[in-house]
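According to Swiss-Prot:
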MOD_RES   Thr2  N-acetylthreonine
BINDING   40-47, 158-161, Val187, 195-198  ATP binding site
ACT_SITE  His47  active site, proton donor
BINDING   Gln72  beta-alanine binding site
BINDING   Gln72, Gln164  (R)-pantoate binding site
BINDING   Asp88, Asp89, Gln92  Mg(2+) binding site
Amino acid sequence: MTIPAFHPGELNVYSAPGDVADVSRALRLTGRRVMLVPTMGALHEGHLALVRAAKRVPGSVVVVSIFVNPMQFGAGEDLDAYPRTPDDDLAQLRAEGVEIAFTPTTAAMYPDGLRTTVQPGPLAAELEGGPRPTHFAGVLTVVLKLLQIVRPDRVFFGEKDYQQLVLIRQLVADFNLDVAVVGVPTVREADGLAMSSRNRYLDPAQRAAAVALSAALTAAAHAATAGAQAALDAARAVLDAAPGVAVDYLELRDIGLGPMPLNGSGRLLVAARLGTTRLLDNIAIEIGTFAGTDRPDGYRAILESHWRN
């Protein structure tokens with residue numbers, strides 16, 4: 001078997017699944033640790049944070065996949081309108097010192113169509129899955145395929161899409177996949193807005209209003225010592241005051257996205273529309289843990305953690 005050419009220290013671009021699988025296998029046999037960063041392209045600093053986290057692993061070789069997966073787009077979602085910037089994406093990967101880009105076509109990823117797919121658990125029908133009932137089946141199917149093709153030691157996802165991260169961890173656990181799933185904190189603009197490929201669609205007024213999402217989460221974190229309802233009320237007050245922000249949901253869950261206990265660690269998630277653009281955000285939050293007690297030294301870190309999560 002002839003292994004496709006691989007040039008260390010350069011960006012090697014492969015479009016055939018078999019080629020990247022062969023190169024990954026050969027690199028593992030030499031002792032390199034393969035890291036996978038799945039993306040749909042239109043790369044920004046949030047994606048590059050995943051790349052940098054992967055590169056920090058000793059002995060790593062980083063594979064970044066760029067594939068706009070049609071299976072995760074539902075009815076009424078315009079697949080053709082999704083931003084595609086392949087030349088800019090590859091230039092950014094070269095600048096980061098990435099050695100492998102995997103850029104398959106739809107025909108290469110699904111040569112027999114959607115013959116076999118992943119059926120997610122009940123969580124996939126909640127939150128983001130409510131208005132998008134087939135979305136996470138598409139996400140988990142393509143992630144499983146990427147993991148089988150690349151066979152990485154670790155795979156990296158951003159915490160901004162927190163429900164996706166939880167479902168991928170369920171996939172890996174339920175199918176006994178030999179890979180570690182690494183969640184990387186959300187990267188934010190200077191004013192707190194979570195970085196997203198969708199931000200480019202906001203007009204100036206919408207961009208100014210969009211900061212209400214992170215501001216609402218901050219307000220909730222400050223109010224959380226008084227309990228879950230106080231946290232939700234504080235967040236809702238900020239969102240209600242923001243012009244043009246239509247909230248799809250604001251929910252407090254436990255860290256696995258089950259029901260939130262009365263006290264302890266949780267996740268506060270928000271989705272909202274500004275015009276035709278839909279934005280997501282979330283933070284780690286501690287509910288009632290320090291109510292009626294002296295606040296420990298680490299309390300400020302909890303309140304400030306949304307800038308890193």
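Placement of Cβ uses the backbone N, Cα and C atoms for every residue, glycine included.
Projection of Swiss-Prot feature records onto the structure.
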| residue | record | DSSP class |
| --- | --- | --- |
| Leu43 | ATP binding site | coil |
| Gln72 | beta-alanine binding site | helix |
| Asp89 | Mg(2+) binding site | helix |
| Glu159 | ATP binding site | coil |
| Gln164 | (R)-pantoate binding site | helix |
| Val187 | ATP binding site | coil |
| Ser197 | ATP binding site | helix |
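Taking a C-beta cut-off of under 8 angstroms and a sequence separation of 6 or more, Leu43 (ATP binding site) has the following same-chain neighbours: Thr85, Asp88, Asp89, Gln92, Leu93. The Cα of the residue listed as 'N-acetylthreonine' lies closest to that of Met40, out of the binding-site residues Met40, Gly46, Gln164, Val187, Ser197. Within 10 Å of the C-beta of Gln164 ((R)-pantoate binding site) we count 21 further C-beta atoms, all protein chains included.
A separation of roughly 23 Å, to the nearest angstrom, links the Cα atoms of Val187 (ATP binding site) and Gln72 (beta-alanine binding site). In this structure the alpha carbons, written CA, of Gln72 (beta-alanine binding site) and Glu159 (ATP binding site) are 19 Å apart. Those residues of the chain, other than Asp88, Asp89, Gln92, with a C-beta within 8 angstroms of the mean position of the Mg(2+) site C-beta atoms are Gly41, Leu43, Thr85, Pro86, Asp87, Leu90, Ala91, Leu93. A straight line from the CA of the residue listed as 'active site, proton donor' to the CA of Glu159 (ATP binding site) spans 11 Å. Neighbour counts were taken as the number of other C-beta atoms within 10 angstroms of each residue's C-beta; across the recorded positions Thr2, Gln72, Gln92, Ser197, the minimum falls on Thr2. Within the set of binding-site residues (Asp88, Asp89, Glu159), the lowest number of other Cβ atoms found within 10 Å of a Cβ is recorded at Asp88.
The separation of Met40 (ATP binding site) from Gln164 ((R)-pantoate binding site), Cα to Cα, is 14 Å.
The Cβ of Met40 has fewer other Cβ atoms within 10 Å than any other of the recorded positions Met40, Gly46, His47.
Counting every protein chain shown, 20 other Cβ atoms lie within 10 Å of the Cβ of Val187 (ATP binding site).
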